[in-house]
Amino acid sequence: MSKQQRAKLVVGNWKMHGRLAANATLLRAIAQGAGELPAAVRVGVCVPSLYLAQTQSLLEGSPVVWGVQDVSAFTHGAYTGEVAAPMVSDFGAMFAIVGHSERRAYHRESAELVAVKTQRALEAGLTPIVCVGETLEEREAGSTEQVVGAQLDEVLEKLSAEEAARLVVAYEPVWAIGTGKSATSEQAQAVHAFLRARLAAKGAADVPLLYGGSVKPDNAEELFRQPDIDGGLIGGASLKDRDFLAICKAAASVAG
Ligand code: PGA
């Protein structure tokens, strides 16, 4: 099977958006739309953890899977305000995003902390979506590969090959997140090929590699057509059912 024929994965990252009533409308629409997609596209949503129970009750029995946007580096204990990975698992979740650039920047999460969170997610049976990405300054300085390589290596060093094979990795250039300025498909593919080689060296070449950063209905297909882009991590456009489902359809049009 050629790389172009890999299954695609499209995951919404709601960030700190949503309220009970709006969530219900959005989740029902996504569940219905996803039901009409071919099996080669898997759809997920990562919601604020407070809404996990609601998400589980609305999505159970649908083809859509769900998850959270962060987990604690600890399994339990006196860590006020934290949510532990096993708690997330209690609600039937599949995914935990770890190392999103907003957490690295605004919550001072180090590469090492991201690696520990990845381990906690794996131990709890979750699939970590490990985010890596460079800032505009880093790209302009020509250090993109060095930055994303170091971010990925920090995680891979702590994992066995079997554990590494259970990851999803998302390349999200910081300058493309929420800016409306997506990476070009060539820029994204180049970094994905680099990440793929790093993962292959660890024996985890088949890890799904998602692109994130201003993916919209009008650029999704071109991005997803790239041989090493296995889908997308979608922020702003995942909050509108029509846009999100249009992106899922774009994935379907290029999925094997
Ligand atoms: P965006 O966010 O699609 O709004 O750019 C992507 C992300 O941060 O995961």
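Keep in mind that glycine also has a Cβ here, set from the backbone N, Cα and C atoms.
Annotation comment: TrEMBL describes H100 as active site, electrophile. Same-chain residues at least 6 positions away in sequence with a Cβ under 8 Å from that of H100 (active site, electrophile) are, in sequence order, N13, Q69, D70, C131, E172. Annotation note: H100 (active site, electrophile) sits in a coil segment as assigned by DSSP.
Per TrEMBL, the feature active site, proton acceptor maps to E172. Around the Cβ of E172 (active site, proton acceptor), the number of neighbouring Cβ atoms within 10 Å comes to 28.
Listed in sequence order, Q69, E102, G235 are the same-chain residues six or more apart from K15 (substrate binding site) with CB atoms under 8 A from its CB. The substrate binding site annotation in TrEMBL covers N13, W14, K15, G178, S214, G235, G236.
Among the binding-site residues N13, W14, G178, S214, G235, residues whose Cβ is positioned under 6 Å from ligand 1 are identified as N13, G178, S214, G235. Of all residue pairs in N13, W14, K15, G178, S214, G235, G236, the annotated binders of substrate, the farthest apart have Cα atoms separated by 14 Å. When secondary structure is read from DSSP and collapsed to three states, N13 (substrate binding site) falls in the strand class. Neighbour counts of Cβ atoms within 10 Å were taken for the binding-site residues G178, G235, G236; the minimum is at G178. For S214 (substrate binding site), the same-chain residues lying six or more positions away in sequence with a CB closer than 8 A to its CB are A176, I177, G178, T179, G180, K181, S182, G236.
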